[in-house]
Amino acid sequence: MTRSESQPSSLPRNAVNFWHVLAQGLISNGPLASMVAALTAAAGYALGALPLAYLLGGLMVFLWINTPYQFSKKLAGAGGMAYFVGRSMGGRWGYLAGVAYVVYYAALLATNIVFFSLLVQSVAPQLGWNMPAQMAYVFTILFVIPSTILTYLGVRSSLNYGVITALVEMVMLLILSAVIIFSPHTVNTAAVYHPALAAHGISGLAVGALVASFGMSGSTAAVYLGAEAKTAHRTIRAALYLASGLVVLMFIIVSYSLTVGWGYLHMSQFAQSSIPGLLIVQHYLGLKAELLFVLFVLNSLIGMNVASTIVVTRITLTFAHSDLWPKFLGRIHPKYQTPYAAVLTVGAVAVLAGLLAESILGLSNAFLVLILIATMGEFLGHALGNVGLLKFYDRSARYHVIAFGILPALSLVLIAFGVFFTFYPPIVPAVYAPIIMMGSLVLAYFHYGYHLRKRSQPLSEAVLLHFSSDHPEPLTEFEEEKIEVEAE
């Protein structure tokens, strides 16, 4: 058996269609998981004006996705934002963007497996079970297994699951919303769209809207399927807008229903509750329905983990083949055609990060710090993408001042606003998140500089093109051989 037969040198072309790319955009938002976690966080700022915050946040989402949408007109690759920024601003900045997104999605994966333990801890007393503290470590280890297996066995099969689970979650949320809104005990009112109901008025509404927008912006994960999607440029752009539109519309409805269902004048208690969304399910639909929702929340977390693993492993693949990261991470499975070594490594790193955070900080603080690390990674990754888009117009045939200038500039302003209000005033342990994230980028900056002393282009343009849908010609035998040798 020859080397090329035993070790594929690239990801499979045309492996996923529009529905799979759409699923990646939807499950990365985790509709049910976001209802339980992100919506509660937004309510802490917006309070009774939560529906207004989600309405404004929905508008911001389309500001966030403008950057990947504009890049995807010309570029589509597994490196995603690392590829985009690298082509626009150079390899070092592309590398930093890639590292920011790796930390973002790896921290999100660790957050989800910690949140699983928190969720079980919150629900267990309703079933008459007092969960021992040590069980959290067991759950952290076990919960990464389903998403690791799914992504190991193939991108198409994992996103076949994603299509189904995303649609089921959205239908469940819309049914819950309809039950609440049309209940004879619900007082429907337009008062929830008044900014005065938010904590500290306009400022609380603004921060709540920003939190809501980031909770609905996961569709950008679709761009990392650029090497595997059919008609990638068109498919990714369509999936970005449709996934974002569906998620935004759904959460505008859900935020309204949960606010009037709880009572818009009592949303401070909603924000302080650990699982207010599930308490509302129990109130309107009963304990059995709540337990069904819990199962699907867990399923939602698995879907988010699948999407996160896909993103991290595709970036890792390009870095490994560029000799920036260990070569073994670039290995592709001969049967499943997945970056299996990266998949297993990402799962192991997420478990170790979760266990380490839990042992040092405790369960609740571990969740807080990990989600803030993910948030900081998203902030900085988006920021680098926006700066890249501002410069990318130089290489574009036509310059649209709104799409390439005004929108990314506005996005940068909102990101700065988000960083300030997320981490000011600095408190322990939340302050650890920006320190860890900035430390990661500083190390990445000097790591790239170390490789620059050895070669002129550490983040290889040939590798970025190879793992993309933009390569004009099939690789020569020499290029194939080089990729195969690098993978070993």
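The chain as shown is numbered from 1 upward.
A Cβ is built for glycine as well, from the same backbone N, Cα and C atoms used for every other residue.
It is 52-72, from the ranges 52-72, 262-282, that TrEMBL records as transmembrane segment. If you look at the transmembrane segment (238-258), the same-chain residues 6 or more away from its ends with a CB under 8 A from one of its CBs are 18, 21-22, 24-26, 29, 31, 34-35, 39, 42, 50-51, 53-55, 57-58, 61-62, 65, 68-69, 72, 170, 173-174, 176-178, 180-181, 192, 212, 215-220, 222-223, 270, 276-277, 280. Annotation: stretch 338-361 has the most Cβ pairs under 8 Å to the transmembrane segment (135-155), among 162-182, 338-361, 401-424. When Cβ-Cβ distances under 8 Å to the transmembrane segment (291-317) are tallied for each of 52-72, 93-115, 367-389, 430-448, the top count falls to 93-115. Proximity of the transmembrane segment (367-389) to the transmembrane segment (93-115) is established through 3 or more Cβ-Cβ distances under 8 Å for residue pairs spaced 6 or more apart.
Below 8 angstroms of C-beta separation, residues 91-92, 95-96, 99-100, 103, 324, 368-369, 372-373, 375-377, 380, 419, 423, 458-459 of the same chain, each at least six residues beyond the ends of the transmembrane segment (430-448), sit close to that stretch. Regional average pLDDT for the domain 'Amino acid permease/ SLC12A' (33-429) in the model is 91.
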